[in-house]
Structure formats: structure tokens, C-alpha cells
Amino acid sequence: EPTPLHDTPPTVFFEVTKPIEVPKTKPCSQLILQHDFAYTYGQAPVFANYTPPSDCPSQTFSTIVLEWKATCRRRQFDRIFGVWLGGVEILRSCTAEPRPNGIVWTVEKDITRYYSLLKSNQTLAVYLGNLIDKTYTGIYHVNISLHFYPAKEKLNSFQQKLDNLASGYHSWADLILPISRNLPLNDGLWFEVQNSNDTELKEFKIPQNAYRAVLEVYVSFHENDEFWYSNLPNEYIAANNLSGTPGNGPFREVVVSLDGEVVGAVWPFTVIFTGGINPLLWRPITAIGSFDLPTYDIEITPFLGKILDGKSHKFGFNVTNALNVWYVDANLHLWLDKQSTKTEGKLSKHSSLPLVVSLVSDFKGLNGTFLTRTSRSVSSTGWVKSSYGNITTRSIQDFYYSNSMVLGKDGNMQIVNQKIIFNDSVYINLPSSYVHSLTSHKTFPLYLYTDFLGQGNGTYLLITNVDLGFIEKKSGLGFSNSSLRNLRSAEGNMVVKNNLVVSGLESTQQIYRYDGGKFCYFRNISSSNYTILYDKVGSKCNKKSLSNLDFVLSRLWPFGARMNFAGLRFT
């Protein structure tokens, strides 16, 4: 006898990532918000008052964790959402798509870098634009909690000690300014970039005793640009008289300006949301970055000399080749000289060369091949004089992009092979003539294949293969070097009728490896049709096992000539 639906336990959805390193101390926990998100689209964010924990035995914390826990049942689209504290965004995420029996998922994020913000009373704002109608009836039931882990006594003096310069580069910022939209809003606090000519601006003013500044950028892409990496060149669209087909080609970048001058860029990781391409591929293991979208840091320190005048200045956000819509905002992290009321500085060198673009098209009718290549470099050098002495900072961003696209079967089959290389380097020349460095080398490979087979009566079969990777190496500033290789391969098919999935099959494998020197984490997991086939987890930094894993990874990636899609999205 079949089990009644209401007796079936909800399915647990999750994103594969390393656990947060927390001390063995017992955390002080607070439930900040409990809310049911029903019809919330176009309405004001949900608000809650945040007060720092007062009943903890220690008021010095080594780690602070935000926990988002949600449940939902029946049918609903994936929904993008954001969490802001005092206008500062602390989480960008996507909901999971529910099942009739219900789902539950948890997102945990280390938010210790927002420590200074969490020391005072703030307003928490959450925007999750959900729609309810006769078909889509799922309500998201959400709890948001904060967990404060007291530092061990041995760490207290180090955590609080900001009287030496190096600590300013190891610790969190003294002040964080929101570079987001001001309330009240019937939307999220993010800026909405609608097209390539749209530059969103935010005015700000900083204290005159800052000696370091970092801009943390949040970005997500939606509607006509949700699948920007598969968008077609305009010449192909025009030649074939296509309408309603997203264009402007497959390259996008977020360009950040300060008072009209380019200070950096973001070439974003290709996050695939839980309803993206083929929703079945992301159940119950969601795509890389979908539950906790990555953020991107741009070193602003070389430009401090331009904004330490006590006057208002403007950050601008523009997206190259953008279609509607991109959600972008940022947080300006500032380190302040506690021994001085005024620092001074100067930008001594700055170079931001125009974007280099190469597009080669070869098509006949609806079939063809396209190769897009781009590169960009942004570098800046500046000094700041504070009570620590004269510090010179040099920041370099180098970007490389390649996208190979094939269209066949009269445009019903699409293959995309894309790679983004995103390198950041920061060099800090201290008064002692010692040079600190911070480097991050990221590689984002993507392979997509889709084949659309019409079957009449509003029904079609969609065959998909997706290979996705997030690879990063970090080093510098006294921290142990770290490396991350997060690789996902998925394939499946689904039958869609009147824009609703009626059946389908999927299988997926993901290999996650993080090596932080003292802390390591490895996970090899596979699923098929909601069932976990195997799940192998390890946490030892074993060089021999890592070398064996490299062999496994080399066989898994890069994938052979496989197969993308034409911007289809269903639930």
C-alpha cells in the first residue's frame, strides 16, 4: 500500500562545500528571523531587529556563522534572495525547488568578516520575491539564526590587538559601508542593471583615517541573461530573423568604477540556479554556488588618496553586453588608523586598458560555430601614510575568457565550451621594506550540451549534459596556502509538456577537494533520480591520497567533447 504523501519525509537538498572551521567552544545562538514567504513579489523586504548577544560568557568571537534553514512543499519556481544587515549584504542565495512531499535545506555561511557590523544594533532585511497562484503554491518557511563562537583565551589578545600593521591585513575591517540601494524599497537592496548602457551609482563618504579599503561585490544574473554564457551573437539572430532569443553573445563582465574611473572588474562564476537548464540535475545536490553565491573582492587601497578628503564620492556598476537583468551591489570594507584622525595618500599609477575582444563566426542558416575570446587587465599603485608609516599597495587584475559554441540540428542542438581565468594579486610594501602579497588564481570551466526534440502537442524531450568547475588557489599574508577544486558532471533528460516537467532521468557526480595545509576536506558524491548512490568524505591532509585524487580528477576533468542549451528553464 503506498505511503500517504503527508507521511513521506521531506527530501533534504544540499550544496557540496567544506564545513566551516569553528572552535570547540559552545556557540551563543540567536534566532533572528522566522517568516513564511508566500506572495512576496514586489513587496517590501521582511525586517527584523538585530541586537548583539549580551548573555555570552565572552564578548570576543573567533567565528560567526549565519544559518538559513527553510522548508517548502508542493510546486514552486527557484527564487533568488538576499539577506542584508544595516544595508550590507551578507548572503545571496537561491531557493531549492520543492517536491509535493516537501523539501528542507540549510545554508551555513561564515560571516566573521562582518564582525564590526555585528557589534552594534542593526536592521536585518530579507527579500525573497515569491509568487503564489493556482499552479505554483509553494510557500517558503524560513528560519535565520546566528551562531557566535567565543574565542579561546589564547586568541583573545591576538584577535583584539590592532596596534601592529600586519593585524590590519589579517583581521576583519573596522567599518563596512553598504554600497547598495537605500530603503524603503519594494524589492531587494541590490541595484538592477538592465542593459549595457545602464550604470548604477551609489554615493558614499569614508572616515578620513582609513588606511585600507576592499570592495566586496555581490552579483547574480536573471531573466534574459540567466544563461548569458549560451546567448547567441546578434548577427546570427538578425540573419535568421529570430525574435525573443537572448542575444549580445556569450561574454559578460561587471565593471566597477570610482568617480567614473574603472577600478576593477568581476568576471563571474557561472552559477546555475536550482531551476536552471534541467531542474532535475540539481536534485537533491544543487549546483556549485547556488546556495551561497560567491563574492568578489577588489582592492581599493591604491585609490584611498582620492577619497580621503571627507567629501562624497560615487561607485558605479556596469555590465558589458548586459541584457535584463543583473542584480549587483557591494560592501566597502575599511580599516581605520586608531592612532590618527587623518591619513593621507596618493594614486601614483593606474592602468585600465580597453577590453580586447575577438569574435569569429561561421554559420549558414541556423547551424554554425562561434568563437569568442576576450581579455582585460587592471592595475593600480598608490600609497597611504598613517601612524604605521608609508604603505604602498599595488593591485593587479588579469582576466582571460574563451567561449566556443556550436549550433546544429537547425538550432535545436547547442554545445558550449567556456573557460574563464580570473587572477588577482595585491602587493603591500610595508615601512620595513618587507612586501606582503595576496594572490588568488581562479579558473571557471563550463561545458554544456542540450538537444531539443519536439514531440508534438506542446511536448518535447530535452537532453542535457553539464560539466562545471570552480578551481581556485590562494596564497599570501602569512596564511597557509589553500587550493580548491570543485568539479561537477551531470547528465539527464526530461519530457516537458506545456512548460511543466512530466518525467525525466538524471545522474550526477561531484568531486570536491579543499587543501588548506592544516585543514583539508574531500568529498566524492554521486546521485541519480533523488537517490544518493555513494558519498565518500575525508578530512585528512594526506599527500599520498591527494596525489591519487589528482589522477582521478585528471580523468574526470577536462571532460571529453560532450555536449548546452538555448536558455530553456522549466519547473
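Cβ coordinates come from backbone N, Cα and C, glycine included.
Annotation comment: Swiss-Prot describes ASN121 (among others) as N-linked glycosylation site, evidence class sequence analysis. The DSSP secondary structure for ASN121 (N-linked glycosylation site) is coil.
The Cβ of ASN143 (N-linked glycosylation site) has 15 neighbouring Cβ atoms from other residues within 10 Å, across all protein chains displayed. In three-state terms derived from DSSP, ASN143 (N-linked glycosylation site) belongs to an extended strand segment. According to Swiss-Prot, the N-linked glycosylation site annotation covers ASN143 (among others), on the basis of sequence analysis.
Per Swiss-Prot, the feature N-linked glycosylation site maps to ASN197 (among others); the stated evidence is sequence analysis. Note: ASN197 (N-linked glycosylation site) has no non-local neighbours, i.e. no same-chain residues 6+ apart with C-beta under 8 A of its own C-beta.
The annotation N-linked glycosylation site is assigned in Swiss-Prot to ASN241 (among others) on the grounds of sequence analysis. Every protein chain considered, the tally of other Cβ atoms within 10 Å of the Cβ of ASN241 (N-linked glycosylation site) stands at 6. In the three-state DSSP assignment, the secondary structure recorded for ASN241 (N-linked glycosylation site) is coil.
What Swiss-Prot lists as N-linked glycosylation site is ASN318 (among others). For ASN318 (N-linked glycosylation site), the count of additional Cβ atoms within 10 Å of its Cβ stands at 22 [all protein chains shown]. Under the three-state DSSP scheme, ASN318 (N-linked glycosylation site) falls in the strand class.
What Swiss-Prot lists as N-linked glycosylation site is ASN367 (among others), and the listing cites sequence analysis. Cβ-based neighbour count (10 Å, all protein chains) for ASN367 (N-linked glycosylation site) stands at 15.
Under the heading N-linked glycosylation site, Swiss-Prot lists ASN390 (among others). Its Cβ taken as reference, ASN390 (N-linked glycosylation site) is surrounded by 13 other Cβ atoms within 10 Å in the chains shown.
According to DSSP, ASN423 (N-linked glycosylation site) is assigned to a strand segment. Annotation source Swiss-Prot lists N-linked glycosylation site at ASN423 (among others).
For ASN457 (among others), the entry in Swiss-Prot reads N-linked glycosylation site. Annotation note: ASN457 (N-linked glycosylation site) sits in a coil segment as assigned by DSSP.
Sequence annotations record features per position, and here Swiss-Prot assigns N-linked glycosylation site to ASN481 (among others) based on sequence analysis. Cβ-based neighbour count (10 Å, all protein chains) for ASN481 (N-linked glycosylation site) stands at 12. DSSP assigns ASN481 (N-linked glycosylation site) to a strand.
For ASN524 (among others), the entry in Swiss-Prot reads N-linked glycosylation site, with the evidence type sequence analysis.
DSSP assigns ASN529 (N-linked glycosylation site) to coil in the three-state reduction, placing it in neither a helix nor a strand. Proximity of ASN529 (N-linked glycosylation site) to non-local residues of its own chain (separation of 6 or more, Cβ distance below 8 Å) is seen for LEU280, LEU505, GLU506, SER507, given in sequence order. Marked as N-linked glycosylation site by Swiss-Prot: ASN529 (among others).
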For ASN390 (N-linked glycosylation site), the three-state class that DSSP assigns: strand
Sparsest Cβ surroundings (other CB atoms within 10 Å) among the glycosylation sites ASN423, ASN457: ASN457
Glycosylation sites listed as ASN121, ASN524, least Cβ neighbours within 10 Å: ASN121
Mapped DSSP class for ASN197 (N-linked glycosylation site), helix or strand or coil: coil
Mapped DSSP class for ASN367 (N-linked glycosylation site), helix or strand or coil: strand
Cα proximity to ASN457 (N-linked glycosylation site), best match among glycosylation sites ASN121, ASN390, ASN423: ASN423
